[in-house]
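Student: Got a structure for you, questions after.
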Amino acid sequence: MEGITLKHNIIDQFQQIPTTCISDAMQGMNNLDPRVKPLTEEYRIAGRALTVQMPVGDNMAVLRAIREAKPGDILVVDAKGDEYRAIAGDFVVGMAQSLGIKGIIVDGTIRDILGIKKLHFPVFSRGTTAVASGKAGGGEINIPISCGGAPVHPGDIVVGDADGVVVVSQALEQEVLRNALAKLDKDNMRAAQYSGNPEKIIQYLDEIIGTAQ
Ligand SMILES: O=C([O-])CC(=O)C(=O)O
Ligand SMILES: [Mg+2]
């Protein structure tokens, strides 16, 4: 029971941290291709990945993942960067939402964008298209994948916001959380100290530029 509580807790904590700080905590590693962006800039999600590997133009594995998902899961879909055929539209996304899935992240595209926006359900993709996928039945779920150039294992924590999507492997999640919170504190302190203070800014720049030489 305790383990379960802790796992929920860590998701809640990651939910509050900008992807920039999480990325800094991982030295810029494990970011998805930055063309994978939220449909609406306000979306922020954090949760555990249910991975989907699908052949280009065949979205049956997405349907299988929606069927298998637990509430709170985030579907992370490797559609190989395909921008021609959508992996889902508002009907499929609506089913995912109704079954308690927290978000969909895809290195590929979606369609029915206006309908999906009305759902207020976070979808991250490379963009939108009019073309549907077929349902040939290929693909796999819950296996290690590469999505947008980042390795994703089932159960990894994924965090997405307006800046992009980062993946935190389970083995490193406590350490990354600690370092990301420290970076967030530093960013906040710096902003408070320097914003609107030209003298401090000049002093800061002189120090930095001096050290770099
Ligand atoms: O049915 C599909 O595969 C794609 C679609 O248009 C939807 O989900 O609304
Ligand atoms: Mg549709």
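Using the three backbone atoms N, Cα and C, a Cβ is placed for every residue, glycine included.
Copied straight from TrEMBL:
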BINDING   Gly89, Asp90, Phe91, Val92, Arg111  substrate binding site
BINDING   Asp112  Mg(2+) binding site
Student: Tell me which residues of the chain lie with their Cβ under 8 angstroms from that of Arg111 (substrate binding site), as long as they are six or more apart in sequence?
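Tutor: Spatial neighbours, sequence-distant, of Arg111 (substrate binding site): Ala86, Ala88, Gly89, Thr128, Thr129, Ala130, Val131, Ala132.
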Student: If I restrict to non-local contacts, at least six residues apart, and a C-beta distance under 8 angstroms, what lies near Phe91 (substrate binding site) in its own chain?
Tutor: Asp112
Student: Applying the rule Cβ within 8 Å of the centroid of the Cβ atoms of Gly89, Asp90, Phe91, Val92, Arg111, what extra residues of the same chain belong around the substrate site?
Tutor: Ala86, Ala88, Val93, Gly94, Ile110, Asp112, Gly115, Ile116
Student: If I restrict to non-local contacts, at least six residues apart, and a C-beta distance under 8 angstroms, what lies near Val92 (substrate binding site) in its own chain?
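Tutor: Residues satisfying the criterion: Asn59, Val62, Leu63, Ile66.
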Student: Does anything in the same chain, at least 6 positions from Asp90 (substrate binding site), have a Cβ under 8 Å from its Cβ, and if so what?
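Tutor: Once residues fewer than 6 apart are set aside, Asp90 (substrate binding site) is near Asp112, Gly115, Ile116, Lys118, Leu119.
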